[in-house]
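For 15-31, 61-82, 94-113, 128-149, 170-190, 210-229, 289-307, 341-358, 370-390, 595-615, 627-647, 659-680, the entry in TrEMBL reads transmembrane segment.
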Amino acid sequence: SALRSSELTLSVSCLQPSCFGYPLSIFFIVINEFCERFSYYGMRAVLVLYFKYFLQWDDNLSTAIYHTFVALCYLTPILGALVADSWLGKFKTIISLSIVYTIGQAIMAVSSINDLTDHNRDGSPDNVSLHIALSMVGLILIALGTGGIKPCVAAFGGDQFEDDQEKQRTRFFSIFYLSINAGSLLSTIITPILRAQECGIHSKQRCYPLAFGVPAALMAVALVVFIIGSRMYKKVQPQGNVMIQVSKCIAFAIKNRFRHRSKEFPKREHWLDWASEKYDKRLIAQTKVVLKVLFLYIPLPMFWALFDQQGSRWTLQATTMDGNFGAIQIQPDQMQTVNPILIIVMVPVVDAVIYPLIKKCKINFTPLRKITVGMFLASLAFVAAALLQVQIDKTLPVFPTAGQSQIKVINLGTDGATVQFEPQLQSVNVMPMESTGYMTFETSQLRSLNITSGNKNIIKVIELPGENRHTLGVKNNATHIVAELLFDNVTSKPEEGNNLIRFINNLPDTITVTMGDTSFGTLESLSASNYNLFPGGRKDNITVIRNSMPCSVISRAFGFGSAYTIVINTCSANTLNVTYSEDIPPNTVHMAWQIPQYFILTLAEVVFSVTGLEFSYSQAPSNMKAVLQAGWLLTVAVGNIIVLIVAGASKLSEQWAEYVLFAALLLAVCIIFAVMAYFYTYIDPNEIEAQFDEEEKKQVEKDQDVYEKQAEADSRM
């Protein structure tokens with residue numbers, strides 16, 4: 001039976017059409033992977049915003065559900081591997097779960113249709129619970145689909161090659177990884193653009209149905225492409241419920257060893273050999289190989305713990321940086337595209353240039369050494385991130401702590417002003433139409449303000465709540481000094497590179513102020529508006545209506561992460577004169593300084609992840625390849641969990657210190673892995689299985705001889 005199966009596989013593989021020395025079938029697999037990754041990363045790119053702005057969840061819940069979903073996507077590969085290796089086979093598993101996946105994506109698109117429950121047409125869904133229920137069903141189906149096919153697709157691609165096509169198979173895994181990042185790159189650029197569009201039947205909203213619908217369509221394309229190539233695939237049949245057999249084998253070995261723990265029983269070469277009373281040598285040998293590789297996987301999640309912070313910590317770091325690239329304004333979350341761009345460039349360079357050069361230098365760069373180097377490089381990338389963070393921290397504003405208050409002074413008049421902070425704490429002189437920076441005081445010590453301008457003087461008694469910023473507006477009118485103490489209500493730098501803008505009316509009349517599409521309402525003389533949020537890196541039109549007469553001006557180009565108070569001084573003859581007072585300085589460290597850490601981490605990913613896929617396949621027994629692929633992907637899920645644990649348990653107040661902590665943890669794990677890798681012996685699963693095939697063949701021949709001799713002896717009698 002085993003011989004017939006191998007002959008059938010051989011005959012099918014011989015008939016496989018090829019192109020440039022590669023089986024033609026792998027091109028369908030690569031296209032399928034590109035479309036599937038576009039679908040997954042495109043949906044994931046807008047998921048948190050969907051939670052926050054459509055389902056109206058707060059930041060914490062949105063983040064928690066997002067990470068739970070991602071973790072689930074990397075936990076379900078073990079289920080897909082079990083189904084593929086034990087029941088349906090890789091081909092049928094990919095088809096079946098891709099259908100589930102496509103349905104899940106379609107449900108997500110439907111769940112985001114605002115008009116589905118917006119019966120009163122007010123622009124918000126009337127039955128949010130229905131949208132939540134549909135979203136959760138869709139996400140569960142997507143997690144089952146994407147996780148279930150993950151270990152199968154790469155392994156199925158590897159199955160298409162013959163034993164003598166080792167070089168082509170290695171190159172395939174590089175191309176395969178390239179397709180993943182190409183899909184990721186395009187989707188993370190395109191789907192946010194689709195989301196930003198406005199669509200709807202009764203009211204115009206952010207177009208989440210389109211942002212989820214396009215990934216759903218791409219998943220349908222992936223499924224169709226994969227089915228089209230079905231006649232060309234080399235399909236290895238599943239060989240029984242291996243995982244259950246392996247689990248039973250391990251359990252029996254442990255149980256049997258414990259039962260024979262006394263010294264009167266002789267030791268065995270390996271603890272799994274205690275299962276030999278019940279299980280055959282082939283299964284025990286295969287289990288040893290799998291456990292040997294899985295043991296090596298133990299340190300690997302730490303790499304993913306650092307790698308996956310590109311979408312969280314590094315993006316947050318980018319929000320405190322300057323994204324002005326001349327003609328192009330880069331938003332903080334767009335910096336994530338640097339990784340897939342570099343991957344597309346670096347995979348072929350590393351594969352075709354760097355590895356051959358290392359080989360020419362007579363260096364034996366084994367897969368485990370590549371993985372070790374990848375971990376070290378990732379640690380180095382976080383050291384670079386920490387150094388950058390130190391430079392950023394130097395530019396960040398200092399906000400008042402508990403028991404402190406901060407005050408800045410804006411002189412709105414045409415005379416100079418002097419403000420003495422009593423009792424005898426500090427004195428400042430402010431020129432006309434200028435302002436000071438924020439000054440910090442102990443709230444319990446500050447009692448009053450002694451203000452002098454021209455030949456006039458007033459004393460203003462104050463009682464501040466503490467832990468807040470305030471702005472003192474001073475103006476010497478013809479008859480008296482006006483001093484207004486404004487509550488700023490800003491205790492942190494604006495997030496995501498946005499800017500905070502407010503206005504002070506320095507005109508004698510009441511006015512209406514609009515900036516861009518945002519109305520600041522009506523402002524009385526010498527009053528201030530609330531702050532409003534504006535996207536970074538752009539100019540807007542400021543319009544003031546005074547006595548029914550409009551006047552306007554184009555604002556200055558605001559940077560990223562700043563806050564400004566704009567003082568309206570004159571409005572006449574359609575001309576508006578304003579001055580700007582900087583409350584929070586814009587980000588001054590350029591986003592381009594993140595490129596080195598992205599470059600190092602991407603190089604780490606190339607030598608770590610591509611090699612990991614190849615290593616998992618090459619060391620796996622024939623009937624357990626998808627299981628080891630799932631084990632590899634499982635390290636990603638554990639890595640995400642590590643981030644949550646370390647970030648939650650860490651009491652570090654400085655972000656650079658957290659980067660150093662992660663770098664140190666990975667470096668320690670890297671050293672441990674290097675020691676483990678040193679003692680690892682590479683095996684060829686095909687040789688081991690061929691050896692067992694030969695032994696079984698000899699045993700069959702021996703049994704046949706015994707049977708024939710016994711039959712001959714019986715005939716004589």
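Using the three backbone atoms N, Cα and C, a Cβ is placed for every residue, glycine included.
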With pairs restricted to those 6 or more apart in sequence, evaluate whether the transmembrane segment (94-113) and the transmembrane segment (659-680) have 3+ C-beta pairs under 8 Å.
no
Mind pulling out the one from 210-229, 289-307, 627-647 with the most Cβ pairs under 8 angstroms to the transmembrane segment (61-82)?
627-647
Honestly, do the transmembrane segment (370-390) and the transmembrane segment (289-307) touch, with at least three Cβ pairs under 8 Å and pairs 6 or more apart in sequence?
yes
